[in-house]
Amino acid sequence: MTGARPCAAEERRSRERRSCGGAAAEAAAGGMDGARGAGRALAALLLAASVLSAALLAPGGSPEHGAEAAPPRADLDKKRHVELKMDQALLLIHNELHGTNLTVYWNSERCYHCSFQVLVNVSWSGKPGKASTAAVAVSTQHGSILQLNDTVEEKEVCRLEYKFGEFGNYSLLVKHVHNGVNEIACDVVVNKNPIDSNLRLTVADLVFPWFVFIMGSSIFLSMTSILQRGCSKLKLMGKIGWRSFLLICIGMFIVNPNYCLGPLSWDKVRIPGVLQRLGVTYFVVAVLELIFAKPVPESCASERSCFSLRDIIFSWPQWLFILMLEGIWLGLTFFLPVPGCPTGYLGPGGIGDLGKYPNCTGGAAGYIDRLLLGDDHIYQHPSSAVLYHTEVAYDPEGILGTINSIVMAFLGVQAGKILLYYKDQTKDILIRFTAWCCFLGLISIALTKISENEGFIPINKNLWSISYVTTLSSFAFFILLILYPIVDVKGLWTGTPFFYPGMNSILVYVGHEVFENYFPFQWKLGDNQSHKEHLTQNIVASALWVLIAYILYKKKVFWKI
C-alpha cells in the first residue's frame, strides 16, 4: 500500500520491466511509482489505522464483538447473584410499593426509535414494610432507559435514564415518598463502584473504506506506469480479471468463518465478504480506467488548463459511469418495493421503529441479497441483531453496498490523478485536496443534516450509504492534506514501520484471518472478561504480524496475486 526506500523501489521497478503485470494495480497495495513517493502519506495513514484497529479494538470496541448486550430476560426475582460479562453491571431492583407488582422495561439510548423490552418482573413481597428484590445484568456500553410499570394496571410508575459502569453494583429503590403528596420515587444507589474501561473506539469503521480509497489511487498510478512501458491493454485486462477472480476465491474459500465448523459445503458458504467486495470493486474501477486511459503529460506547469479542472475533465466518461451507478443505488434504495416494508426504508428492523418492521433489516439492500443469494449464503450475525434484536440475515458486504464501494474507490482514483497530473506542484495538489475535502464534506452535511439519524441519508456503515462514503472520503482527503507535505514533500516520515505490512497486505490479512485463534496470536486468558487482557493480546498479535511483514520484506518475499 505504500512506497519503499529508493533502493527497494528501484528493485521493484526492475522486476516490473520484466513483466508488464508485475505491479498492475494490486488490489490491496502496490505501484505508487507514478509520482515521487505519491501516495505514501495516505498509505501510511491506512496501515497505521489497520494496526491500531487490530490492537485497540478489544471486545467491547466494535459493533460485532462488543455491541450493546441486551439484559437477560429470565425471571431473576429470587436470584441475587448474577454472573456478569464484559460491558455489564449488576442492578438490584427493590420494590417497596405496598400491593404493587412491577414490570421493568429496558431500552438503550443508542437504540433509535426502539420499543421497550421486558427486563424483569418484581412482585410485591406480600409483607408490609419489606421490599422484594430482583437482580439483573444491565448493559454499560451506552446509557440505559428504564421504565417501571404497574403490572396489573399497565400504567407507568416512573422512568429514568442512567449510565451504568462496567462491573458496578447498583440498587434501584422504588418507594413511596410522603411529603404531603403521595409520590413514588425511583433512585439509583451505587453499592460498588465500576471499573474504568473506557475503550470505545471506532477505528474499524474507518479502515475498510480508506483501504478501498487507497486501492483506487493504486489502480490509477500503477496502471499509468504499466501502460507507459508499452504493455498492451488486452494483456492488462486479462491480469485484472485474473486478480479479481483470485481475490473473490480467497475470500470465499479461505477467509471464511464457516471453516471453523468443519468442511465447507456450498449450501452454507457465505458468498459476500471483504475480499469479495474488494475483488469486484477492483475489477470495475480498473476496467473503467483501462478502457478510457489517456496518456498523462510529464508536466503541465506551463499550461493554463492545469489551473482549472483538467484532472476531472479528462475523466468525464468515467465520472458519467460513476454517476449512473450512484443513480442505480439511489433508485433501488428508495424506490424498489420490498414486501412487507415501507419503500425507501433504511432502518435496522427488529425492535427499531417501535417494532413495526421487524423483518425489514437493511431495506432494499437486505432484500436484494436475500432474493439473489439466499438467506444461507449471507452473513448470519449482523451487529443489528445485538442492539435491535433482528432475526433476519443481513450482509454488510452485500450487493447493493458494493456500488458505493466502487464510488469510493473512484474517489481514490481522483486522488491519484491529482498526485500525478500536478506532480511536483505542491500548492496545486494541496488546493485540490482542500477543495475535495470541503466539497464532499458539504455533501455529507446536506445528506445527514448534521445529525445521527434524522438526515435524508444517515451515515451507515452496514449499508455503505452514500453519506458514509462522502464523509470518510472527505476525511481521507483531509488527512492527505496533512500528511502529503510531511511524508512526500518534506520527507519527515517514511511510513515506517507501517509500510511493511502494506508490502504483503494480502498475506497479512489472510494470515490473520486463518491463524487468529492460534498461539501466539491468541491464548487462553486468565480473565476472559478483562478489557486489559484482551487489549494486551491484540497488541501482541498486531506487533507479531508487523514483525512477520518486516522479516518478509527484508528477505524480499512478497505474495502478489
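In case you wondered, yes, glycine gets a Cβ from its N, Cα and C as well.
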Original post:
transmembrane segment per TrEMBL sits at which of 84-106, 429-451?
Top reply: 429-451
Subject >> Paired segments the transmembrane segment (240-259) and the transmembrane segment (535-553) in contact, 3+ CB pairs under 8 A >> reply: no
Original post:
Looking at 207-228, 463-486, 498-515, which one has the highest count of Cβ pairs under 8 angstroms to the transmembrane segment (279-297)?
Top reply: 207-228
**OP:** Report the listed stretch (207-228, 399-422, 429-451, 498-515) having the maximum count of Cβ pairs within less than 8 Å of the transmembrane segment (463-486).
**Re:** 429-451
Subject >> For the transmembrane segment (399-422): best-contacting stretch of 207-228, 429-451, 498-515, by Cβ pairs under 8 Å >> reply: 207-228
